[in-house]
Amino acid sequence: MNTRSLLELAEELECRVFPNEPLDKHNTFRIGGCCSAMIDINSPDNLSQLWEEANRLGIRTMALGNGSNVLFDDRGYNGVIFLIGSSMDKIYMKDENTIVAQAGCPLLKLCRFALEHSLSGMEFAYGIPGSVGGAIFMNAGAYGGEIKDVIKYGRAVDRAGRQFEYQNDQMKFGYRTSRFIESGELIVEGEFELPSGSYDEIQDKMVDLMGRRRDKQPLNMPSAGSTFKRPTGEGLFAGKLIQDSGLRGFSVGGAQVSEKHCGFVVNKGGATSADVLELIKQVQEKVLKDTGIELECEVRYIPYEA
């Protein structure tokens, strides 16, 4: 009954509502059952109102962007998912060196927008299959760059529906982490301050990095991207440690350590969340046994129940 009240409010706010929505089409692993309902959020103010109401009613909720760093349970998600996607992906220039992008804006769109305005600094993110909200949430990074290097402000909503603005140093960025992981606040937009650069040089770097991704990463197979965080220590890489442990191509059910890049777990067809979790566990155990190094999983597993 409580869920019905929330969904009715969403419809009043002109948000699209999808009961029993399959989650496998909303994440890059292509795994997961159905959620109780999904609400396509269309503005920060409506997100504030809906999240405040969900918490008042005691309804389990979570925000989902592009789903590029999550693993849903095979049974689905017993709760309501706020989809932060194409209905909340506005992007605009605040001034000549500042871009504001809503949480649902794809990183590809942000990178191309920066290129159009000859602004440099976002090149590292070109090809990361995520949204602005998810990228801020986990301080996404690659090829020597991270979100913390380019973001000036982040704006988020708390459980009471209040909107807050945080400066860079208030967002507590670390390696693949931020304040939002602990606080549970939902990100609504980011403000990015970028230096002017040469259009051709920015484009060349973007093309180069995308080429490197295609050469080294299994982009043609469903995955959640890099599965493990980079271990602490000079010259240590999760993919190399996994390869040296003889696990290239190792499979559990439909889940497999990528033949192309051992740092990726891929869905080779019909993988379940149980397959992926067991594969990750066995990889961690083997690498620990061989090297004494504990690999930390970067992918967020979302259980069916809280």
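Glycine is no exception: its Cβ is also placed from the backbone N, Cα and C atoms.
In TrEMBL, annotation is done automatically, which means it is predicted and not curated.
Since the structure is predicted, the reported quantities are computational estimates derived from the model, not experimental observations.
Residues or ranges marked as domain 'FAD-binding PCMH-type' by TrEMBL: 31-212.
Residues or ranges marked as active site in TrEMBL: Arg176 (among others). Taking a C-beta cut-off of under 8 angstroms and a sequence separation of 6 or more, Arg176 (active site) has the following same-chain neighbours: Met138, Asn139, Ala140, Gly141, Lys229, Glu298.
The active site, proton donor annotation in TrEMBL covers Ser226. Using a 10 Å radius centred on the Cβ of Ser226 (active site, proton donor) and all shown protein chains, the other Cβ atoms total 20.
Among the features that TrEMBL reports, active site is placed at Glu298 (among others).
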* If H, G and I count as helix, E and B as strand, and all else as coil, what does DSSP give for Ser226 (active site, proton donor)? -> strand
* Asked: Within 10 angstroms of the C-beta of Glu298 (active site), what count of other C-beta atoms is obtained when all protein chains are considered?
  -> 18
* Structure fact -> Once DSSP output is merged into helix, strand and coil, Glu298 (active site) belongs to coil
* Tell me, by DSSP, whether Arg176 (active site) is helix, strand or coil? -> coil
